[in-house]
Amino acid sequence: MANQKTVLAVTDDVVLPVSSVLTIMAQLGNERFDPLIVTQASTINQFPLDSSSVDAVLAISKTSDFPSDKICGEFSRILKPGGTVFVCKNLEGQVEDMQQTIQRRVTLAGFLEPQCLDLKSIKLSTFSLSFGIKAKKPSWKIGSSFALKKPAKVLLKVNLDDDLDLIDEDSLLTEEDLKKPQLPVASGCATTKKACKNCVCGRAEIEEKAVKLGLTEDQIENPQSSCGSCGLGDAFRCGTCPYKGLPAFKLGEKVTLSRNFLEADI
Amino acid sequence: MAMAMAMGEKPRKLLVLYASQTGNALDAAERIGREAERRGCPASIVSTDEFDASYLPHEEAVVFVVSTTGQGDSPDSFKSFWKFLLVRNLRKDWLQGVRFAVFGLGDSGYQKYNFVAKKLDKRLSGIGATTIIEKGLGDDQHPSGYEGTLDPWMLSLWSTLYQINPKYFPKGPDVKISQDDLIDQPKYRILYLKQEKLESTLLTDSDIIQRARGMSPGKLYKDKSKPDCFLKMTRNEVLTKAGSTKDVRHFEFQSVSSTIEYEVGDVVELLPSQNPSAIDAFIERCDLDPESFIIVGPRETENSGVNEEMNTQLPIKLKTFVELTMDVTSASPRRYFFEVMSFYATAEHEKERLQYFASPEGRDDLYNYNQKERRSILEVLEDFPSVQISFEWLVQLVPPLKPRAFSISSSPLAHPDQVHLTVSIVSWITPYKRTRKGLCSSWLASLTPEQEVHIPVWFHKGSLPAPPQSRPLILVGPGTGCAPFRGFIAERFVQAQSIPVAPVMFFFGCRNKDTDFLYRDFWEYHTREGGMLSEEMGGGFYTAFSRDQPKKVYVQHKIREMSKKVWDLLRDGAAIYVAGSSTKMPADVMSALEEIVSEEETGGSKEEASRRLKALEKAGMYNVEAWS
């Protein structure tokens with residue numbers, strides 16, 4: 001179970017009953033703790049406490065000045081990292097302005113996540129409260145370390161419709177890039193299996209005029225295959241198969257021509 | 001755009017950012033993501049046009065997968081993202097703490113090989129990011145394409161990441177894919193609707209297309225599913241003469257829906273129809289019910305939760321969905337399709353073969369069988385008859401049916417309510433000696449006006465902005481490249497009736513004057529008195545017939561011949577437009593122009609000339625539309 005927490009209760013008033021402190025703290029969610037009480041604290045320069053020794057600070061006041069910037073700074077010093085400060089006020093009239101002022105003061109002293117609390121419901125014997133500001137001391141102290149998050153990358157927004165200053169993309173190319181590229185195969189189209197798609201040298205026409213079927217009549221009438229794959233179709237034929245380009249067939253049966261070959265040239 | 005995470009979602013360790021034009025970079029990115037996940041590293045795959053670059057510093061590891069086009073350009077989806085990275089004010093340490101690796105897809109047949117990846121790699125280092133490994137450069141010229149480089153590069157990536165921090169891969173950097181269990185799940189799910197729940201209203205063609213294509217996984221971020229309008233063909237004329245090796249057509253279209261709106265120089269995309277018997281064969285082969293009504297949506301995952309939207313979406317007939325969004329006869333499947341098929345093959349020899357194709361060892365053979373032969377989905381499924389694969393997988397893995405883009409060859413002023421196209425019918429012989437035809441061009445060639453087929457189309461800007469009539473023009477358009485310039489000249493002719501117009505120099509090229517001199521009558525009409533290319537108007541028409549004489553003559557030679565006049569026009573504020581289907585032509589034309597500028601300017605250097613032309617490019621006064 002949690003250790004006894006140390007709470008410092010401070011007021012600029014003359015008197016602050018312990019029971020009130022206990023009631024208030026209970027309302028604010030803190031059960032077991034050891035209260036230290038300091039009264040008439042408006043003129044204090046420094047609290048007689050070590051740095052980072054107190055779990056929570058409760059500052060109660062009816063005046064607008066307390067706690068001052070200096071005292072808020074002291075709160076920060078004596079609080080443990082992650083500790084909480086509660087600044088509770090009993091004020092008539094313009095509460096919002098005062099809330100903002102206290103919030104600002106507390107933030108400037110280095111506290112985080114200020115929240116505004118409504119304390120009108122807390123029943124106390126000798127005084128009442130209107131609102132409170134709750135804030136947290138950041139959880140690092142000098143010398144403590146924690147993992148740095150990856151630095152946030154700034155989102156760069158560029159409107160591409162504007163006339164932008166762009167670098168010259170051709171400057172990205174090297175001398176090597178600008179030279180004529182080396183073809184991966186032996187040069188010359190005579191070594192490729194067919195004419196290029198955009199053939200301009202006329203090889204395509206020559207190939208077109210070449211005899212389509214280079215097979216003998218016997219090979220068509222009575223096809224044989226020593227490897228056994230010829231009849232299975234182009235997908236299974238070897239590079240040198242004489243039946244390449246023809247449809248699949250059954251060995252011994254006449255090879256038929258598929259619709260590919262029978263299509264009339266328009 | 002922000003990456004807000006749902007509660008309980010595993011934070012990703014690896015971000016794969018891709019910039020894809022035709023889907024290759026997307027495939028590579030998905031592969032990288034999959035391989036990371038298999039090793040226990042959560043990964044996200046996001047396109048660069050869906051990622052806010054200002055969030056980059058928050059990432060710990062990013063893999064970039066970027067394509068470079070033939071002309072050295074970046075994909076459209078990369079442009080905004082790249083512009084952000086080029087801002088001069090970015091601090092040198094802005095990306096400190098971010099690790100990255102770049103994989104580029106390019107073609108070493110082009111001068112500007114993988115320029116996008118090279119520049120990106122350099123720039124990322126320059127703003128503080130740390131490389132994981134050296135950039136990988138995938139090359140179309142490699143025997144097995146970009147995968148030839150991707151496989152070893154990825155292994156290096158995983159082992160290096162593991163060394164940096166073993167937590168990336170709790171199972172270690174190597175992973176054995178079980179031969180028997182498929183670890184992955186399809187990304188989509190299909191809702192089949194009962195007959196009673198169907199609406200009774202009749203849908204228009206436009207609604208049907210919008211509904212089907214809106215559901216399709218192939219839909220890119222910025223695509224419009226609803227067609228801009230429907231066209232019907234009014235003319236189908238062969239432009240090339242007998243004896244030509246090519247078949248080039250002139251097509252004319254009218255709208256059957258809304259009014260046609262475009263500017264001269266724009267591009268029109270057509271959605272081709274697929275062969276009905278092929279669709280039927282595919283549906284039968286895959287054991288599907290063509291008449292069932294379906295809704296396609298993403299499958300729930302631990303990251304996304306149940307997709308409630310699907311319950312309120314409207315259904316489409318399965319057969320219609322296949323016809324409109326799944327390319328079964330033209331595009332080839334990717335390697336991953338073979339991997340998934342291997343798990344669903346019941347015949348032992350098929351299973352083995354598919355596993356082989358999906359492995360690094362079988363990659364080259366797969367390339368020969370599949371990519372080089374341009375096998376279609378239907379052909380592959382017929383070659384492996386024991387494979388029974390679910391519709392969910394098919395929806396994910398069958399290549400999406402893509403609209404084909406053409407430069408418009410008409411002018412709204414000169415040809416009101418019409419669209420003209422100049423199309424070369426694509427056909428070639430594969431290494432295995434099979435004849436393959438281009439899906440869209442062959443289909444268009446087969447259409448007649450009498451059929452009254454309605455074609456869904458989308459209009460958008462190309463790379464050729466419509467010039468004002470007061471601007472002198474230098475046009476270079478060999479072969480079908482002349483198409484947009486037919487529009488330019490027809491438009492200027494109409495404008496000339498009421499206001500003064502600036503001169504036009506047009507350089508045309510083809511092989512033989514007699515057989516493939518496209519639109520000969522039109523150009524020659526304009527060289528006569530009062531025409532836009534006539535001498536008295538200050539313009540000119542110049543032809544290069546490359547094979548009519550022993551020595552090859554191309555457009556760039558003709559441009560050089562006319563140095564003085566070209567220079568005069570440039571000084572008068574001429575804009576340069578180059579269009580055509582060639583790998584080298586745009587670069588050759590640029591060279592010729594650089595020579596002219598450096599010669600005509602006394603004391604001018606080649607570098608200075610190059611800078612001047614680049615400045616023209618930036619100012620929108622030097623425009624190139626090159627297609628392959």
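Even glycines carry a Cβ here, placed using N, Cα and C.
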Statement: Among A:17-31, A:77-91, A:107-121, A:227-241, TrEMBL lists region 'Fe-S binding site B' at A:227-241
- line: In this predicted model, the domain 'Anamorsin N-terminal' (A:38-145) has a mean pLDDT of 82
- prompt: What does DSSP give as the helix, strand and coil breakdown of the region 'Fe-S binding site B' (A:227-241)?
  reply: 6 helix, 0 strand, 9 coil
- prompt: So what sits near A:Cys241 ([4Fe-4S] cluster binding site) in its own chain, CB-to-CB under 8 Å and at least six residues off in sequence?
  reply: A:Ser229, A:Cys230
Task: Could you tell me which of these binding-site residues, A:Cys227, A:Cys230, A:Cys238, has the greatest number of Cβ atoms within 10 Å of its own Cβ?
output: A:Cys230
Task: May I have the list of same-chain residues other than A:Cys227, A:Cys230, A:Cys238, A:Cys241 whose Cβ is within 8 Å of the Cβ centroid of the recorded [4Fe-4S] cluster site, in sequence order?
output: A:Ser225, A:Ser229, A:Phe236, A:Arg237, A:Thr240, A:Pro242, A:Tyr243
Query: Using DSSP, how many residues in the domain 'Anamorsin N-terminal' (A:38-145) fall into helix, strand and coil?
result: 27 helix, 33 strand, 48 coil
